[in-house]
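So the structure is just underneath, and the comments pick up after that.
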Amino acid sequence: MLLCLSPAWLMKVATPGQEGEAVLLVSKAVSFYPGGLTFLDDFVPPRHATYFLAGLGPESGRGKEAAELARNLTCPTGTSSELSQLLENRLLMRWLLSQQSGVAVPATLAFTYRPPGLLRGGDASPGLRLVELSGKEGQETLVKEEVEAFVHSEALGDASQVAVRLSGCRWRGQQALPLHLRVEPSTVVNTVLGLLEKLEEEESVLVEAMCPPVRLPLPGGPAPGPELAVRICAVVCRIQGDRPLLSKVVCGVGRGDRPVRHHYTLPRTLRVALAQCGLEEEAQVALLEQGIKEAAEGALAAVLALEAGLSVEQRGGRQVHTDFLGVDLVLTVIGRTLTPVVLKLNSGLCLEACGALEGLWAVPRLRRSAEEAAAAPLVETMLRRSGRHLMDGKQLLVIGAGGVSKKFVWEAARDYGLTLHLVESDPNHFASQLVQTFIHFDVTEHRRDEENALLLAELVRARNLKLDGCFSFWDDCLVLTALLCRELGLPCSPPAAMCLAKQKSRTQLHLLRCQGPPWPSTSLHAVACCPLENEADVERAIYQVPLPGVMKLEFGSGAVGVQLVKDGPQCREHFSRILHDLQGEADHPGIGLGWGNAMLLMEFVEGTEHDVDLVVFGGRLLAAFVSDNGPTRLPGFTETAACMPTGLAPEQEAQVVQAAFRCCLGCGLLDGVFNVELKMTGAGPRLIEINPRMGGFYLRDWILELYGVDLLLASTMVACGLQPALPAHPRARGYLVGIMCLVSQHLQLLSSPSSRETLQTLHDQGQLRLNLLEEALIPGQYEEPYCNVACAGPSPAEACHRLLGICQGLGIDRPNYPVAHFLSHFK
C-alpha cells in the first residue's frame with residue numbers, strides 16, 4: 001500500500017481501446033513496512049495503481065486535484081467526486097435514508113429549487129416534507145404556512161429547537177448553523193426567506209429538528225455541570241457480496257445545548273461515553289449497540305442501492321464504488337425509546353475519528369487495544385478488488401473439471417473476468433460449454449502422467465494458447481498439472497513435491513525422517529504407517545504399526561474405503577475387500593483409483609480433527625483458516641459435521657497452523673493453496689494427510705462467507721505467479737456449523753422433490769447454507785456425502801441450536817444419525 005502526499009506524484013495515461021478511461025501511474029509515494037518502517041520511494045518506471053482511494057471532502061485540502069485523478073480510471077476506485085457530492089447532499093441522503101427500514105432521521109422540512117432528478121419520485125417518511133419551489137421570490141405565504149405546520153407537527157417530538165441551513169455541494173462546511181426556538185416560527189420563516197435568495201438549481205433550504213440530548217439519571221443525583229450530549233461516529237464498510245458491515249463506533253461528548261462537532265471533541269468508545277452520561281446497564285447498552293449497527297449498516301445499504309441505479313457518468317467511472325461510509329448519529333428519545341438518529345453521512349471524518357481513538361494505544365507503555373482497526377474491513381475490500389483487477393483477462397488452463405461440487409469455479413471465473421481453457425476426459429461434461437477452449441483428453445490413467453504432460457504441452461502449443469497459468473482443483477489431476485506446468489514454464493510447486501504429498505504413506509514416512517533443523521521438526525507431526533500392496537505387506541504392517549490403526553487407499557479421497565481396524569484379522573479382511581471391490585476408476589470414479597488401489601495402514605491417534613486451509617507463496621504463509629470436524633461414525637471416517645472458525649484455544653490454533661505449514665514445506669510445497677487434515681492430540685498436532693489443492697466440500701464457500709477471502713481467486717493468482725494480497729489476521733464474522741447428508745441415511749429426504757425444494761428455499765432465504773456435493777443419489781457401500789447443510793450464528797452454540805432445529809424438522813436427525821452427538825464437539 002502506498003501513500004501519495006501530492007497529486008504531482010500521480011499521473012493519468014489514456015488507455016488504448018478504452019475510450020475515456022485512463023490508467024493511474026505512481027512515480028513517488030510513501031511505502032510502509034512491518035515494524036513501523038516507512039520510506040519515500042521514487043518509482044522508475046512508474047508503478048500501475050491497482051486500487052485508488054482519494055480524500056475528496058472539503059477537509060482534504062486537495063479535493064479538486066483528487067477528484068480529477070479519481071475520475072474514469074481503469075483500476076478499482078473507492079470513491080469519486082460525483083459520489084462524494086451525492087453523499088454530502090444532506091437532503092438527498094436524508095430523503096434516501098427516510099425510506100430505509102431501521103434508519104431514523106431528524107424531522108425535516110425542505111424547500112427545494114428545481115430539485116435533482118434523484119429526488120423525484122418515491123415516498124418519503126412522515127417526518128420528511130419536500131416543498132418544490134417554482135421560484136426564489138414571492139414565496140412568503142407558502143413558506144409561512146409550511147413552517148408553521150412543520151413546527152406544530154408531531155414529527156418533531158420533544159425537540160424544542162430547529163436549525164435552518166442550506167443544502168448543496170457549495171455549502172459544505174461553509175455556514176454557521178442558526179438555531180431557533182420551535183415556539184417562534186416567525187424567526188424561522190424570516191431565516192428561510194433570507195436563504196432562499198442564495199439558492200441555485202438543485203439546492204435547498206432545510207428546516208430540521210434539533211434532536212434533544214438524552215437526559216440520563218446520573219448516580220448520586222443531578223450533575224453539577226450542563227447536560228451532556230453524545231455524538232456517535234460509525235464507520236461501515238462494504239464487504240464481500242456487497243454487504244454492509246459495521247466496523248467501529250466512536251463517540252464525542254459535549255454540552256447538550258450546542259451541536260457536538262468533529263474536531264471539537266475527544267473521541268472515546270461508545271461504552272465510555274454512555275457511562276459518562278449515566279447509562280451503564282448491560283442490557284440497555286447492548287440494545288443500543290444493536291440499534292447503532294442496524295442504522296449504520298442500513299445507511300450504507302441505502303447508498304449501495306442508490307449507487308446500483310446510477311449510470312457510469314453519475315458514478316464518475318466504471319470502476320467506482322463506495323467501499324466505506326462514515327455515519328454521524330445522535331442519541332435521542334423517540335416514543336420513550338432511546339434511539340440513534342442519523343444526522344449525516346461523510347466520506348472520511350468518522351474514519352479519522354476512529355483512527356484518533358486507535359492512536360491512543362500507540363503510545364509506549366499503554367496497553368494495546370485488542371479490537372480490530374476501523375479500516376481493517378476497508379483494507380480487505382481494497383485487497384480483494386485489487387486482486388480481481390490484476391486477474392481480469394488472465395488466461396488459465398484447468399486440468400480436470402470435477403463434479404457438481406465444483407460448479408462455483410465456472411461461475412466465479414466469469415465474475416472475475418478469467419478466460420479458462422479446460423482439459424477433461426468427459427467430452428459431454430457440462431463445463432465444456434462454459435470455457436473458451438475445451439480439450440478432450442483422457443487424464444484418468446495417472447500412471448502415464450509424465451507421458452500425458454508432454455502430449456498436452458504439444459496440444460497447448462498447437463492451439464497457440466497464451467497462458468498466464470495452469471492449475472487444478474481436482475485431486476486426481478494434481479501431479480499431471482505440476483508436470484505440465486514444468487513443461488510449459490508456468491508457476492507451480494515441483495512435481496516431486498506433488499507426488500510426495502499425493503501418496504499418503506510417502507508423505508508420512510518422508511516427514512518422519514525429517515529430524516530438523518528447523519525445530520520443531522516435522523517428524524513430531526507425522527504418524528507411523530506402512531504401505532500395502534499385497535498380503536505380505538499386510539502381515540508385516542500388523543507388527544510395525546501400533547493397533548488400532550486406520551486402513552485407507554494410498555491415493556484415495558473423500559474418506560472412501562477408510563476404516564478403523566483393531567487387530568490382524570480386521571486388517572486382512574478390509575484389505576481383501578478393498579482389493580476386490582475397488583480395482584479401477586470404473587468401480588468408483590473420482591477417488592484416485594486411476595493411480596491404482598494400493599493401501600496403507602497408519603496408527604490411529606486419538607484427538608479432535610481439524611482442517612487447515614493454507615495460502616502459500618514463495619514458501620511464505622500468507623493466510624490460514626482452521627475448521628473443526630465432529631466425531632465420525634466409526635469404524636468409518638466419512639465426515640459428519642464441521643464448525644468454522646475453530647473452537648481451539650489460540651495457542652492450539654497456532655500449533656495446528658504451524659504444523660500444517662511446516663508439513664507442506666517439508667514436502668516441498670512452496671506455492672499454492674493447500675488443505676491439511678490433522679488431529680489435535682494430547683501431545684500436539686498429528687498429520688492425517690495433505691491435500692495439495694484448495695479445500696473441498698464446503699470450505700471455499702464458508703471461508704468466503706466468514707472471512708471474505710476467496711481461495712479460488714488465491715489459487716488462480718498463485719498459478720499466475722502473483723502473490724495474493726490477503727489480510728494478515730483475518731477475523732471471522734460469525735460462525736458456521738454444518739452437517740453432512742448421506743444417501744444411506746437420508747435417501748427418502750433427498751429423493752423427495754418437496755424436501756429438496758424446502759432445502760433450496762431455506763437456502764435462498766438465508767436460513768441455511770446448502771452445498772450440493774454430488775449430482776446423483778447412488779446408494780452403495782463406499783459412499784461420499786451427498787450435500788452439506790449449515791447454519792450461521794454469532795456463536796457456535798447459537799449456530800448449533802439453529803442447525804439442530806432444522807435437522808429435526810427436516811428429518812436429517814435420526815436414531816442412526818444423531819446430529820446432536822455429531823455437534824457435541826462444538827460446544
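Cβ from N, Cα, C; glycine included.
Feature annotations, courtesy of Swiss-Prot:
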- 516-720: domain 'ATP-grasp' (DOMAIN)
- 542-611: ATP binding site (BINDING)
- Glu689, Asn691: Mg(2+) 2 binding site (BINDING)
- Glu689, Asn691: Mn(2+) 2 binding site (BINDING)
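Under DSSP, Ile578 (ATP binding site) is assigned to a helix (H, G or I) in the three-state scheme.
Ranked by how many other Cβ atoms sit within 10 Å of their Cβ, the binding-site residues Pro569, Gly596 place Pro569 at the bottom. In this structure the alpha carbons, written CA, of Asp587 (ATP binding site) and Asn691 (Mg(2+) 2 binding site) are 22 Å apart. Taking only the Cα positions, the spacing between Gly596 (ATP binding site) and Glu689 (Mg(2+) 2 binding site) is 18 angstrom. Pro569 (ATP binding site) and Glu689 (Mg(2+) 2 binding site) are 25 Å apart (CA-CA, integer value). There are 23 other Cβ atoms within 10 Å of the Cβ belonging to Ile578 (ATP binding site). Counting every protein chain shown, the Cβ of Met551 (ATP binding site) has 26 other Cβ atoms within 10 Å. Between the CA atoms of Pro569 (ATP binding site) and Asn691 (Mg(2+) 2 binding site) there is a gap of 30 Å. Here the Cβ of Val605 (ATP binding site) has 21 other Cβ atoms within 10 Å, regardless of which shown protein chain they belong to.
A gap of 22 Å separates the Cα atoms of Ile578 (ATP binding site) and Asn691 (Mg(2+) 2 binding site).
You'll find the Cα of Ile542 (ATP binding site) roughly 26 Å from the Cα of Asn691 (Mg(2+) 2 binding site). A C-beta separation below 8 Å, combined with a sequence spacing of at least six in one chain, links Val560 (ATP binding site) to Leu553, Leu582, His588, Ile591, Tyr782, Glu783, Glu784.
Long-range Cβ proximity for Asn691 (Mg(2+) 2 binding site), meaning a same-chain Cβ under 8 A and a gap of 6 or more residues, is found for Asp475, Ala501, Ser557, Phe674, Asn675, Val676, Glu677.
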